[in-house]
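What follows is a single structure, written as structure tokens, with notes after it.
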Amino acid sequence: MAMGLFRVCLVVVTAIINHPLLFPRENATVPENEEEIIRKMQAHQEKLQLEQLRLEEEVARLAAEKEALEQVAEEGRQQNETRVAWDLWSTLCMILFLMIEVWRQDHQEGPSPECLGGEEDELPGLGGAPLQGLTLPNKATLGHFYERCIRGATADAARTREFLEGFVDDLLEALRSLCNRDTDMEVEDFIGVDSMYENWQVDRPLLCHLFVPFTPPEPYRFHPELWCSGRSVPLDRQGYGQIKVVRADGDTLSCICGKTKLGEDMLCLLHGRNSMAPPCGDMENLLCATDSLYLDTMQVMKWFQTALTRAWKGIAHKYEFDLAFGQLDSPGSLKIKFRSGKFMPFNLIPVIQCDDSDLYFVSHLPREPSEGTPASSTDWLLSFAVYERHFLRTTLKALPEGACHLSCLQIASFLLSKQSRLTGPSGLSSYHLKTALLHLLLLRQAADWKAGQLDARLHELLCFLEKSLLQKKLHHFFIGNRKVPEAMGLPEAVLRAEPLNLFRPFVLQRSLYRKTLDSFYEMLKNAPALISEYSLHVPSDQPTPKS
């Protein structure tokens with residue numbers, strides 16, 4: 001009963017509270033009439049329509065701008081694609097042209113009938129008239145010229161070699177006696193190289209080239225690093241190497257004897273007294289570059305010149321001539337001056353043996369106009385002179401008796417020497433002549449070098465040189481040449497190396513190339529008259545007297 005009364009009272013109270021007249025709401029105001037409501041709704045609708053039109057115009061403007069940007073981007077993309085396609089096409093054309101050029105050089109190595117008489121397809125030749133149509137003297141004239149003018153130099157060369165070898169032996173022995181074996185470089189016996197020891201020297205005065213190998217004091221050794229041993233080197237540094245000074249017995253600094261000063265009565269059982277490492281500041285005594293472990297050519301030059309000067313002072317009283325340095329930029333360019341006024345030049349060249357081979361690193365060589373200078377004083381030129389001498393001697397055994405190969409080289413060298421004195425030196429040297437001959441010896445049959453074929457082989461040698469000059473390409477005979485007999489014993493790294501172009505300087509130096517080519521053709525033009533003149537006149541050079 002009570003619960004029922006409570007519910008009735010709750011309903012009544014709720015109805016009173018929610019009555020609109022008792023508590024009116026703020027937003028519950030009823031408009032006065034419907035027309036006012038309709039007018040406001042129409043005004044609001046017009047505002048919405050205007051806003052819609054404005055938004056549609058804005059959207060249309062943005063769409064137009066977007067379309068314009070897309071069109072510009074599409075045009076730029078098409079231009080880029082066109083440019084990339086053009087660049088790619090240009091690159092492909094360049095590669096194609098290079099491939100054609102390489103193919104032309106590699107496959108136009110065949111002989112021309114004019115140059116080689118149709119023999120030996122491997123031999124190089126020319127596409128036009130060889131030697132610009134110039135003719136050399138006939139076989140009889142060449143033979144007479146050789147007998148009258150060149151053959152006599154062979155006997156003079158033998159006497160000169162005998163005299164110089166005896167003197168150099170004495171000089172080097174005096175040098176060794178002044179050296180400290182524990183701290184100074186050790187000088188070995190000399191090695192005769194080049195034309196005087198290959199029996200084709202014709203130029204006067206006769207000039208001997210002698211290699212003088214040297215080694216560092218114990219416990220050090222020389223470690224050569226060839227350009228073809230994996231290092232990345234510029235093209236103009238091919239054929240060079242560096243020589244690192246390392247310890248032959250390992251690092252003794254990790255031993256206590258290298259860190260502690262032992263007494264006079266104490267000796268390390270692992271490292272003797274001579275194996276103790278010198279102070280770091282004494283690396284210059286090992287002829288290394290400053291703050292470097294690599295041998296310095298300038299340091300070697302100074303050391304060798306000083307050592308030779310001291311050695312000569314010790315034996316000068318035994319001889320009736322004077323000894324002086326010939327060229328200041330070459331460490332071993334020496335000149336014997338006799339009291340009669342005559343002189344005898346020769347070159348003592350300090351060299352370092354490359355491992356156990358017959359390759360030698362040389363600090364300096366007589367300069368050729370086309371030769372570059374080392375970019376660094378730690379760059380050493382690799383010489384194949386001993387291998388060249390061995391190859392000529394080995395080849396001679398297979399050639400007919402009285403073979404004309406050296407006669408060809410002597411005549412060509414004679415003509416080049418006379419032309420150089422007439423017009424000045426050019427980029428062509430006697431070493432280029434010898435390189436051309438070595439290539440021909442490897443390609444020609446032994447029977448082609450009979451004495452009676454002197455004129456044909458000389459003509460062929462000059463044709464080879466002409467083609468090489470026109471192509472600006474003469475490969476080094478040993479580097480990268482797998483046709484060299486295995487019996488020569490060349491290091492495998494040298495045989496695997498890329499061929500070295502001795503005429504590469506002509507590609508970079510146009511003036512030198514033009515001068516060399518002009519000098520070569522002028523030499524050919526003057527050859528007949530020069531040979532005829534010297535066939536009737538024997539030079540008045542007399543053998544150099546011996547002391």
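Cβ from N, Cα, C; glycine included.
What Swiss-Prot lists as coiled coil is 32-82.
As annotated by Swiss-Prot, N-linked glycosylation site applies to N27 (among others), with the evidence given as sequence analysis.
Among the features that Swiss-Prot reports, N-linked glycosylation site is placed at N80 (among others), with the record citing sequence analysis. Residue environment of N80 (N-linked glycosylation site) contains 10 other Cβ atoms, counted within 10 Å of its Cβ in all protein chains.
Positions annotated as phosphoserine by Swiss-Prot, on the basis of a large-scale study or a structure entry: S547.
Positions annotated as signal peptide by Swiss-Prot: 1-15.
This prediction places the mean pLDDT of the topological domain 'Extracellular' (16-83) at 75. The feature topological domain 'Extracellular' is assigned by Swiss-Prot to 16-83.
Annotated topological domain 'Cytoplasmic' per Swiss-Prot: 101-547, in sequence order, evidence recorded as sequence analysis.
For 84-100, the entry in Swiss-Prot reads transmembrane segment.
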N80 (N-linked glycosylation site) falls, by three-state DSSP, under helix
